[in-house]
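Q: Residues annotated as transmembrane segment in TrEMBL: 29-50, 228-248, 255-273, 311-332, 353-376, 448-475, 596-619, 631-658.
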């Protein structure tokens, strides 16, 4: 007796029956309204941020007058420090701004020259020096003491190079590790004091606390500019291979699954062999026995590939992965045939709904819009602060480090009491109501990003589930399948179930935001000594990670039930959960083994594309060695291609995964509603009914 018979439903077969429920109504209307209001607020935050923000604050450095160096139309793109040694002050680490006059210049100085030498030197020296003074300074008529007293010009110039639009000392080393600037180890600061190049090194490091990170970032950006077209080609190849695999699965599902299994084992086996050969070739090489711990963090990551321990670690990791896959295949050998049969049935469904293969492109496009809107809004919010000026001085002053107004500073009491004080740009901030609640706007931006991204994913899952459900519940296939199943399913989802999708996405987004907050707290507590707090935080992170995975699983099956029945989210989630619990053996035998086989397919595509990209970008293919770009880090395009290939393969194979999950739930529902008689015949195909028979025979096995 089925569940429906127990509930008193006496159903007879209707040849026009297209699903468990044909008449639909709007679900979770309250959450739909809440989602629309949240989106309107999100657009309002974006408009407010775009009206207040200025991305030039991120792109261009700011001089002491609050002007941007290098903005469009200017001939002065570089920021010049009057006294780079003041950048060694702890104030730099607190306010990220050197307590010295900063000026936008056309080019960085390339020679050592003091103010006195320039005044007494040739006309060429005076003209050269004057370009590093403040505007409207008559270098020839004002005496040197007056220039230094009023801070009109720097006391000294030293050889510098432009880095991240800033003029930093041209530091180098001689034999023996002696630090030099240009070719000199000491300098005259223009006031009779000798400066050591080591002091300049410390000051230049603190003038930009993220100089090393920016240097790596600039090199990575340069690599992208050199290799973007090859990266794009690699992603196109990954897309073509994924499409070929999907098409071959449609016609040769059984053969392709076994081919995937064998090729995955061979690809990982080759990776183990390659790592061993690299490990063996480095034996006896100078410096190859250095450990990763001794090497520390290096900005040039290619250094790690020159030590044996790196290749040994790669080899061990790949060997463990290979062993796990082989053991899983051995233990699941009896279930593989059943899972392959389910993939064959899914291939038939995909063949009748071929447009579903291209639906992930719409999901990618919508996600790209969501990500772009979030990123742009975040940049504008982070740059919507106002310029804050503070008093900087050399001698004692009661107003030191207080805020000031550069327009009225010269007529204020501060300049009278502190003659050597200057009102210079310090940082970006603000005291208005908008600036006080800026952190809340950033949080709202992050929360809506998660909500919108999860909604787009949910929309894709419901659309695909509805299309495949219409295939399953068509008694005569393919005659009873709707003409445009994807468009029909998308229309139903948007018209009736936007609220349910928003409800499920909201629950998942709340958990994800909590995880982000926990990660933020973890970063803040890294230097703390409270072990209990660290332990508690680790437990919370683990619990919420598990909770997120459970919610994603429940949401996915709830969306399938929404597509089939058209009920609200909570009812659909409850029905999906109990339906899966009533068929827990089939879930283990069919659904999860099929997911494992599809994962092997994604792994194979990533492995093939990754191996070819490694040999190409590392210049190991002699035939195309000249075509390979010259890169700082050849792992940058390789890693990009690998990650991109996985996302592309995941997009294509997610169609199959959604098809399998939908057919599985429809199949379980069909079993409970019908008994195969003439009055209540099965909607499943004979092949799918054969899968059922096999799973029944396996109930007695030790699952």
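Going from the start of the chain as shown, residues are counted 1 onward.
Just so you know, glycine gets a Cβ as well, placed from its N, Cα and C.
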Q: Below 8 Å between Cβ atoms, which of the listed ranges 353-376, 448-475, 596-619, 631-658 makes the most pairs with the transmembrane segment (228-248)?
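A: Of the candidates 353-376, 448-475, 596-619, 631-658, 631-658 scores highest.
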Q: Okay, the transmembrane segment (29-50) and the transmembrane segment (596-619): do they have at least three CB pairs under 8 Å, pairs separated by 6 or more?
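A: No, since the transmembrane segment (596-619) and the transmembrane segment (29-50) share fewer than 3 Cβ pairs closer than 8 Å, they do not count as touching.
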Q: Pairs 6 or more apart in sequence, C-beta under 8 angstroms, 3 or more of them: is that satisfied by the transmembrane segment (29-50) and the transmembrane segment (448-475)?
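A: Since 3 or more Cβ pairs under 8 Å link them, the transmembrane segment (29-50) and the transmembrane segment (448-475) do come into contact.
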Q: Which bits of the chain, at least 6 residues beyond where the transmembrane segment (311-332) starts or stops, bring a Cβ under 8 A of a Cβ in it?
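A: Same-chain contacts beyond the ends: 261, 264-265, 268-269, 271-272, 275-276, 278-279, 282, 292, 305, 593, 596, 600.
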Q: Near the transmembrane segment (255-273), which same-chain residues lie under 8 Å Cβ to Cβ, leaving out any that are not at least 6 residues past its ends?
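A: Same-chain contacts beyond the flanks: 245, 248-249, 314-315, 318-319, 321-322, 325-326, 329, 336, 340, 343, 597, 600-601, 603-604, 607-608, 611.
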